[in-house]
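This is the structure, below, for whatever I ask next.
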Amino acid sequence: CTPSGTICSPEAPEQCCSNSCVPHQWLRIFVCA
């Protein structure tokens with residue numbers, strides 16, 4: 001799975017180890033929670 005802090009797709013949160021893909025604090029990307 002994708003570790004925390006790695007870029008991810010909000011449409012596919014299951015790719016993250018945490019099952020959560022969240023907006024980055026200041027960059028316009030999503031990262032695993």
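Any Cβ shown, glycine's included, is placed from N, Cα and C.
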What does Swiss-Prot give as the disulfide partner of CYS1, choosing from CYS17, CYS21?
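Recorded disulfide partner of CYS1 in Swiss-Prot: CYS17.
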Going along the chain, which residues six or more apart from CYS21 (disulfide bond) have their CB under 8 A from its CB?
CYS8, SER9, PRO10, ALA12, PRO13, GLN15, PHE30, VAL31, CYS32, ALA33
Sequence gap of 6 or more, Cβ distance under 8 Å: name the residues on the same chain that satisfy this around CYS1 (disulfide bond), in order along the sequence.
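In sequence order, the residues whose Cβ lies under 8 Å from that of CYS1 (disulfide bond) (at least 6 apart) are GLN15, CYS16, CYS17.
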